[in-house]
Amino acid sequence: MVKIGARELAAVAIGGALGAVCRYLLSGLVPQVRGFPMGTVLVNVLGSFVLGFLTWSTMLGLRLSPEVRALATVGFCGGLTTLSTMAYETVELLKASPVLSILYLTANVVLGIAAVLGGMAAAHVVWSGRA
């Protein structure tokens, strides 16, 4: 079992608050396209990219304190991305258009995975030869 200290918990809380505020702002700035909630897709893809970049960067030699790592990954990326909103919006889209709901769900999952891989590739480019 991993020991979690008060500093890591505080870091997760701060990162989560920052991520949630960013999600709220980004989701509000990005308009829906024909009922398609692009803001949620954007925050999920962005958060997936950042998480892939940070986790792969640490594997390639980037040194982050446990607090900074917790703040950035679990806190910020966790607060930025949103499974519950994606699930709700999928159900709402299903009422109007089953095809659109499937496209939305697929876009979130496929683009999220692609973003993690893209973040990992970007980290490799940034950190190759520096370790």
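Glycine too: its Cβ is placed from the backbone N, Cα and C atoms.
Going by Swiss-Prot, these are the annotated features:
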- 10-30: transmembrane segment (TRANSMEM)
- 36-56: transmembrane segment (TRANSMEM)
- 71-91: transmembrane segment (TRANSMEM)
- Gly78, Thr81: Na(+) binding site (BINDING)
- 99-119: transmembrane segment (TRANSMEM)
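Residues 35-37, 40-41, 44-46, 48-54, 56, 86, 89-91, 93 of the same chain lie 6+ residues outside the transmembrane segment (99-119) yet bring a C-beta within less than 8 angstroms of a C-beta in it.
Here Thr81 (Na(+) binding site) comes close to Gly19, Arg23, Val43, Asn44, Gly47, Ser48: these same-chain residues lie at least six apart in sequence, with C-beta atoms under 8 angstroms from its C-beta. In sequence order, Val12, Gly15, Gly16, Gly19, Gly47 are the residues near Gly78 (Na(+) binding site), counting only same-chain partners six or more apart with C-beta under 8 A.
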